[in-house]
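K.L.:
Just dropping this structure here.
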Amino acid sequence: IYFWIPDPEEVWKSAELLKDYKPGDKVLLLHLEEGKDLEYRLDPKTKELPHLRNPDILVGENDLTALSYLHEPAVLHNLRVRFIDSKLIYTYCGIVLVAINPYEQLPIYGEDIINAYSGQNMGDMDPHIFAVAEEAYKQMARDERNQSIIVSGESGAGKTVSAKYAMRYFATVSGSASEANVEEKVLASNPIMESIGNAKTTRNDNSSRFGKYIEIGFDKRYRIIGANMRTYLLEKSRVVFQAEEERNYHIFYQLCASAKLPEFKMLRLGNADNFHYTKQGGSPVIEGVDDTKEMAHTRQACTLLGISESYQMGIFRILAGILHLGNVAFTSRDSDSCTIPPKHEPLSIFSDLMGVDYEEMCHWLCHRKLATATETYIKPISKLQATNARDALAKHIYAKLFNWIVDHVNQALHSAVKQHSFIGVLDIYGFETFEINSFEQFCINYANEKLQQQFNMHVFKLEQEEYMKEQIPWTLIDFYDNQPCINLIESKLGILDLLDEECKMPKGTDDTWAQKLYNTHLNKCALFEKPRLSNKAFIIQHFADKVEYQCEGFLEKNKDTVFEEQIKVLKSSKFKMLPELFQDDEKAISPTSATSSGRMPLSRTPAKPTKGRPGQTAKEHKKTVGHQFRNSLHLLMETLNATTPHYVRCIKPNDFKFPFTFDEKRAVQQLRACGVLETIRISAAGFPSRWTYQEFFSRYRVLMKQKDVLSDRKQTCKNVLEKLILDKDKYQFGKTKIFFRAGQVAYLEKLRADKLRAACIRIQKTIRGWLLRKKYLRMRKAAITVQRYVRGYQARCYAKFLRRTKAATIIQKYWRMYIVRRKYKIRRTATIVLQSYLRGYLARNRYRKMLREHKAVIIQKWVRGWLARTRYKRSMHAIIYLQCCFRRMMAKRELKKLKIEARSVERYKKLHIGMENKIMQLQRKVDEQNKDYKCLMEKLTTLEGIYNSETEKLRSDLERLQLSEEEAKVATGRVLSLQEEIAKLRKDLEQTQSEKKSIEERADKYKQETEQLVSNLKEENTLLKQEKEALNHLIVEQAKEMTGKAQKKLVEETKQLELDLNDERLRYQNLLNEFSRLEERYDDLKEEMTLMVNVPKPGHKRTDSTHSSNESEYTFSSEIAETEDMPLRTEKKVPLDMSLFLKLQKRVTELEQEKQVMQDELDRKEEQVLRSKAKEEERPQIRGAELEYESLKRQELESENKKLKNELNELRKALSEKSAPEVTAPGAPAYRVLMEQLTSVSEELDVRKEEVLILRSQLVSQKEAIQHKNTMTDSTILLEDVQKMKDKGEIAQAYIGLKETNRLLESQLQSQKRSHENEAEALRGEIQSLKEENNRQQQLLAQNLQLPPEARIEASLQHEITRLTNENLDLMEQLEKQDKTVRKLKKQLKVFAKKIGELEVGQMENISPGQIIDEPIRPVNIPRKEKDFQGMLEYKKEDEQKLVKNLILELKPRGVAVNLIPGLPAYILFMCVRHADYLNDDQKVRSLLTSTINSIKKVLKKRGDDFETVSFWLSNTCRFLHCLKQYSGEEGFMKHNTSRQNEHCLTNFDLAEYRQVLSDLAIQIYQQLVRVLENILQPMIVSGMLEHETIQGVSGVKPTGLRKRTSSIADEGTYTLDSILRQLNSFHSVMCQHGMDPELIKQVVKQMFYIVGAITLNNLLLRKDMCSWSKGMQIRYNVSQLEEWLRDKNLMNSGAKETLEPLIQAAQLLQVKKKTDDDAEAICSMCSALTTAQIVKVLNLYTPVNEFEERVSVSFIRTIQMRLRDRKDSPQLLMDAKHIFPVTFPFNPSSLALETIQIPASLGLGFISRV
């Protein structure tokens, strides 16, 4: 639980309760936010607990009454959080708007913000001064009741600025009812009043030193018609005295700063430091303010308000005179008298400026007149009195001038139209208390007491009305009534009454008045006190605070004394303006005082109108300032009580003007003083929190069980509340709302938060378990995958290792084998050699040994044989004897045993078994011995063979050795000689080796040097290669970079060109839009004038038939023509469209070019005639007469051309001299000259065209006639002619004709001869080419004959194919040329056919029968009637209006047009144009196109708010435009045509200019279509996209205050997202049904989505309650539904989704995390479509809807601002919802054949026939 405890520094501190409170406890154990523990002692008397703190969810609310706990610390904390953290300066407090001065310019007052607040409910948008102004404007229109906006606050709190913005809102929203721009005049009054009524103080650089009440008048249509201003209590003392660091009124410093201007030289001003009245404060300059520029603004405002230059100079003369008067110095003559130095310059300048006598003024400044009952005498005054009198005169003059300026401002703002209602804006000083408080503070606080009383009564009344409306039992709420304080001031014997009475006393002083106050009120009135240490002061207990007033100066300021003689001197001034200032008050009443409201406008006028009784003026003149102020205040209160008041309380956050710095002490003082806390107290005393049943159900649905929810929401809420809140006095049930006592909403919010927290914990538990389980499974799967890959990698590495090991082993094996084998071979070779020698030696030894042994063995054999035989015989004999003896003994023994065992069978068996085994063993041994024997025998045999072979080998070796021995003996001698040679060779070898060694050393050295050089070269080569590679790489990179830069630059230039193109297109289309608006305005004004004149004209006037069609191309010819026919011309200063001017200029240039072409053609004809005259000396009289006629025509044309040149020069001169927009407006001289001359030029051009065509046709016909005459050779015709001639003259003429004929025949023969020669030459050339071709063919034939037969055939075929291909191509080129020639000749033939036919008819009427016989019969070209339909429609000229009426004016898109072919009216119109083109009837084409364009405009003007009508004609206009392009005959538009469609192309007229006119018309229709759909969508967007909960239950409704917002719960009349989608479907289906181009549909959809996104984002940026996480999710869902709609309609590539990108990013910004630097970086990269101002605004507005959401910290917002400081984007906060993308009309040809189109009978076009 958190509390608020008092603190001397911060006023209130937040603390947390550490130990629960029990009744009877005297001390609370608290924990402060800074970390300290505190024991807070309760008041032993009251035992009141400290204020409870609101939940964080409720902090930062738009309305202070939405807080659950309503008390001073809660209000202060809420304002501080909004001002410091969210940078929001406006907050509602019930019916009061609290405005905190930010001391910084904020971008929240633009016209886009005004448009956003216009038409909105007050609770729907964030608090703003515009919301209060809109509420006042709306209530005035709805309730038919006058309104007042009361703006109050301290000096420097921003009152004047708030009042100024309120007036700007009214001026922008309402507009003016006339062309006088009243709203501009109302706003222009601000600079004037600020210059003469505002000054710099220590608290404010532009402090208003007077109060004003401005009534802005409205007519019945609630448009501004005028205004009236009342002023209160101007601070006159500032004129003559300023405190330290303060200034006088701004106007004085503006004059001094502008003193060097030539018109101000006569004022003889200088620096502000030169004047006593402007230098006392010591601060003549305000930082950031240029007084010279401000002076220019003041003069401009005066001019706008109708104050002439002479009057302005008069004002400045008077002000300069006041400054010079302040410099007048007095010298004391004695203690009772003083004088002014002679020829005193300041007084002399003052007298000159004021037009008064110097001596007289000097005298009365130092003297005064005293009148008694019997006599009058003049008394000198002291220096101090003279100084005071001078200052009093200066103050009096300035006050009179101030009132005079206010009178003239009111006269300028006065309207002759009757005022229907008004809105008053009261900008008045707030409660003031200083160290020294005087008369001014007393009056100001008195006024605030009256206003506070009215405010309290109004708040009390509203509360009472609310309770009675809801049928809640009404209990009287005790609120502070300040009537006793008001009575103390204004009642009989009150302070003001006693002050006036003391002023009437002859010897009254401030001290005597103070004693009267003490005697009258001290100890009798509780609100009046006397200071302990002063007898010249008193204390009044005001509603805001106690104020001590010093009595000194009260009487003087109340009297406002000025000497009458000085006033008389000024009244006698020669300066006419000065006496006007001192006229009697009744003569200076504002002209608006007699209006229906009956109010008195001026502060100095009496409360009741005077009747002009004698002596009344003098009596009124004697009224004191206090009395006048009381009367003005009573009149003001009467006015306010007769209106519905709206309150704006301005708060000054600190005294140092630091931006966004909040001083809690100063804020609390002002909150107490302005009555905001009293409003809170009144609200808190009853039931401050109020919910509708639906909102309560939606918010606290979470606290209900399913069984508690009933169909009746009211009963459900009652049942739930009875369970949740047991004390029934804590709430009341009204008819539509539930009323709660203070703190109950916080309790319900706590229950809701606990329930949601428990649900969140459960959800978090489940989700976290699911997430961790999912994470574990994902990690396990990932680990398995990693293990699999790792093991696979390890296995592959191991296999690779094994392969490498095996390969290495094999390599080692073979290598080792190779090494060992090589060693083995070496050793084997050596071994074999050694063995050979060793074996020889051993063999020899063995042989010798064997020989010896062999011989010894033979000897031993014989000896041993004998000895062995001897021994054997002896032993054998002994052994046999012994064996016999032993065997006999053993046999006996064995016999005994056998006899014993013979009886046992088993014994026999065993014996048998043993015997078998033994037998088998013996047998085996015998076999083994046999095998051994065989082996030994084989070995013996082999050994014998080996021995024999060895023996043979040894014998041979022995023989060889014997031979070698003999050879060795022979070679021994040779060895000796060889040894000598070897010694010699060894010496040579040693010498050679030493040489070799030196050579090798030199070679090694050279090799090392070479290797070193090579290595160096290699290194250099490597370095060069590296450098080369680096250079190549650098070149490649530079090439890539240059290519990338070039591509990037190309892309950027392309984008820039596209942007420029779009900008230019947008500018052009905006100009078209402005032009169409001005055109409509012109039509409206014309209709109004027609209605005002009301003179019916019989029949109608027709325009000239030769009227040029070029005017209709620019869509205003019909209007101009009609205007010319009107008897009364309305001259409105409408700005001329620049595009129109450029088109007219272009047309004039074209006319000049055509005129030049005509002139050249005529000159050429003239030269031909002159040449014919030179050749022919004599001509027939008829021919001479025709030539004379032609020369006359030519001269006439030349004169007309000169006339045209002069007119064009006159036109250019008029346009160059007059460049202002109003000069070129319709009705202006330049405009009339332009239109008249353009019309005449067009008419003359048509006439000259026809005359030139006639001249051409006559020349052609006469030339053909002469040629026919020359070709006649029949003599019989000539004889008949001769017989018919009756006189010699005719014979002579015939003879001359024959001579001429002969000459022509000769010239013809010569020309034929020349042509024959040319033909012969051509034939010779062809023969030569044929010869060359023949030679080439023979060469090819010869070549082919040399080839084999197959190749010959192939070559001949190839040659033939090539030849045929070339011939085919030549023929195709000739065919194309002939086709073009035929088409061109057909066009020319059709152009001249009609003209020549007309001329023939005219000539036949004037030619005699004889001439008819002379002329040859010319073949007539009769057009053959086509059997099939040619895609043209024929109508009569007189049926044109019927065609336009049935096809355009009366065609209903919802009726007949539904079943038509899409674009059928366009096809019909084009087919009619085709027929007029076919007939070559330019008048018909011009008339039809003009009527079509004007009729479409009329339809759109009449039914321009119907989407179907606008869509229908946009589609048909585009189709008509595409048809004109498709059938224009231009190759670029004929690519997709069929051959039949190409036959239907226009043949005679180029309608390119009409295409441009139709394109402009289509742009205007498109813009009108956008406006229509915007008007339809706008009411749906905010409700459907923001307020309606598409996903129910995501965002609960937070508590709201008195300003209830529109409910987001879907009621019957509430728009939802489905409503928007249904409307989009309707738009799309209508456009598709009308056959609109797909590309155009995409552009319309893109524009619609831009409007949706812009309006939604703008409202989001202006609504704090919408900036939450849940609302971001809601917006994302809604945007996804819109994207789904785009996908369904296949419009994803239309660019519509991109227009929603700012809204999508804003929704994402609401949802993303907003804590760390990484979050800030993510936000900066994500929000690329949002500006920095928009991002910061969303973060500032972000408000948690639920308790577990967190606010955005100020440090995080600063981090975002730091990261985005380099981003260059628009500082504008809101998107331009009125922006229209430039539209294009891509060419879309139609595949529909014109000849197949059928005209339905329902159109009523039976008078049209198919051709």
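Quick reminder: no glycine exception, Cβ is built from N, Cα and C everywhere.
What TrEMBL lists as ATP binding site is Gly153, Glu154, Ser155, Gly156, Ala157, Gly158, Lys159, Thr160. Look at TrEMBL and you will find 905-1095, 1141-1217, 1306-1395 tagged as coiled coil. Annotation source TrEMBL lists compositional bias 'Polar residues' at 1106-1117. Residues annotated as domain 'Myosin motor' in TrEMBL: 59-753. Annotated domain 'Dilute' per TrEMBL: 1490-1766, in sequence order. The feature region 'Disordered' is assigned by TrEMBL to 588-624, 1096-1117. What TrEMBL lists as region 'Actin-binding' is 633-655.
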K.L.:
When you scan the chain for residues with a C-beta under 8 Å from the region 'Actin-binding' (633-655), skipping those not six or more beyond its ends, what do you find?
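P.N.:
The answer is 79, 83, 93, 95-103, 129, 132, 135-136, 139, 143, 145-159, 162, 166, 203, 213, 230, 232, 424, 426, 430, 446-447, 450-451, 454-455, 458, 599-600, 607, 661-663, 666-667, 670-671, 674-676.
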K.L.:
Mind looking up the mean pLDDT for the coiled coil (1141-1217) in the predicted model?
P.N.:
57
K.L.:
Cβ within 8 Å of the ATP site centroid (Gly153, Glu154, Ser155, Gly156, Ala157, Gly158, Lys159, Thr160 excluded): which residues?
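P.N.:
Apart from Gly153, Glu154, Ser155, Gly156, Ala157, Gly158, Lys159, Thr160, the close residues are Asn101, Asn204, Ser207, Ser208, Gly430, Cys650, Lys652.
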K.L.:
Tell me the residue counts in helix, strand and coil for the region 'Actin-binding' (633-655), as DSSP assigns them.
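P.N.:
Residue counts for the region 'Actin-binding' (633-655) by secondary structure: 9 helix, 8 strand, 6 coil.
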K.L.:
If you skip the near sequence neighbours and keep only those at least six away, which residues in the chain come within under 8 angstroms of Gly153 (ATP binding site), Cβ to Cβ?
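P.N.:
Within the chain, Gly153 (ATP binding site) has Cβ neighbours under 8 Å at Ala99, Lys159, Gly430, Arg649, Cys650, Ile651, Lys652, Gln670, Cys674.
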K.L.:
Identify, in sequence order, the residues in the chain of Ser155 (ATP binding site) that are 6 or more apart from it along the sequence and have a CB within less than 8 Å of its CB; answer 'none' if there are none.
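P.N.:
Non-local contacts for Ser155 (ATP binding site): Thr201, Arg203, Asn204, Ser207, Ser208, Tyr429, Gly430, Glu432, Lys652.
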K.L.:
What's the most sparsely packed of the binding-site residues Gly156, Gly158, counting other C-beta atoms within 10 A?
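P.N.:
With the binding-site residues Gly156, Gly158, fewest surrounding Cβ atoms within 10 Å: Gly156.
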K.L.:
Enter the number of other CB atoms within 10 angstroms of the CB of Lys159 (ATP binding site).
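P.N.:
Around Lys159 (ATP binding site), other Cβ atoms within 10 Å: 27.
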K.L.:
Neighbour count, 10 Å Cβ-Cβ cut-off, for Thr160 (ATP binding site): what number do you get?
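P.N.:
Step by step: centre on the Cβ of Thr160 (ATP binding site), count other Cβ atoms within 10 Å, giving 23.
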